[in-house]
Amino acid sequence: MPDDVHYFIGFPVPQERREILSEWQKILEHYVDYRKWVHMDDFHITIRFLGALSKSQLRELKRKLVTVECAAFDISVEGINFFGKEDQPRVMYAEINRSEQILSIKAQVDDLLNQLKFDEESRPYRPHITLAKKWDKGKLHMSKDALENKIDDEKYFKFHIDRFNIYRVNPDRKQKYEVIASFNLK
């Protein structure tokens with residue numbers, strides 16, 4: 001029987017890159033109206049949201065995830081973008097290039113989850129790092145390009161991915177996501 005704790009699988013973001021993204025937030029919060037800004041230590045790239053899991057499901061998932069095969073790789077952050085309505089986007093995020101490696105790992109994880117009888121995802125996969133969510137009030141009065149110009153110095157950068165994690169969601173904490181298992185890329 002699943003408990004109420006939710007989990008997801010994702011790639012971590014290195015500390016020095018989290019600091020850059022946090023600086024973006026400090027600049028952008030003056031131009032956009034979001035109720036929730038993601039804590040710097042919660043930045044990640046989701047591979048797959050899992051929802052609530054039983055202890056046995058979690059144990060079996062960990063056993064299966066060690067079989068994922070991919071070499072460590074670099075990914076690129078390519079500015080900001082939004083999910084949702086153009087004038088009141090529900091999420092602002094750092095855009096990630098859709099590399100072969102990310103898509104390969106995503107496909108392997110999805111296959112393993114299908115073997116474990118998890119429901120299939122209905123939305124297309126768009127790798128990203130959420131910066132802010134829950135639009136607050138008013139309308140967005142700046143274009144994506146104008147907002148990116150505010151963070152122009154480092155709007156494109158790369159970082160190295162050498163593992164992925166299972167995260168537990170702790171909604172009542174300031175830092176909401178806790179790594180409970182890590183899987184090194186070969």
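Cβ atoms are placed via backbone N, Cα and C, with glycine included.
A TrEMBL annotation is a machine prediction, not a hand-curated record.
Within the same chain, the residues at least 6 positions away from H44 (active site, proton donor) whose Cβ sits under 8 Å from its Cβ are G10, F11, P12, V13, I129, N165, Y167, Y177, listed in sequence order. Reduced to three states, the DSSP call for H44 (active site, proton donor) is strand. Among the features that TrEMBL reports, active site, proton donor is placed at H44.
In sequence order, I45, T46, N81, Y93, A94, E95, I96 are the residues of the chain that are 6 or more apart from H128 (active site, proton acceptor) and have a CB within less than 8 Å of its CB. Per TrEMBL, active site, proton acceptor is recorded for H128.
Sequence annotations record features per position, and here TrEMBL assigns domain 'Phosphoesterase HXTX' to 12-93 (among others).
Taken from TrEMBL, the feature domain 'Phosphoesterase HXTX' covers 99-168 (among others).
The motif 'HXTX 1' annotation in TrEMBL covers 44-47. Long-range Cβ contacts of the motif 'HXTX 1' (44-47) within its own chain (Cβ-Cβ under 8 Å, at least 6 residues beyond either end) map to 8-13, 75, 96, 102, 105-106, 109, 127-129, 164-165, 167, 177.
As annotated by TrEMBL, motif 'HXTX 2' applies to 128-131. Applying DSSP to the motif 'HXTX 2' (128-131) sorts its residues as follows: 0 helix, 4 strand, 0 coil.
Taken through DSSP, the domain 'Phosphoesterase HXTX' (12-93) splits into 28 helix, 31 strand, 23 coil. Counting residues 6+ beyond its ends, the motif 'HXTX 2' (128-131) has Cβ neighbours under 8 Å at 13, 21, 24-25, 28, 37-38, 43-46, 77, 80-81, 91-96 in the same chain.
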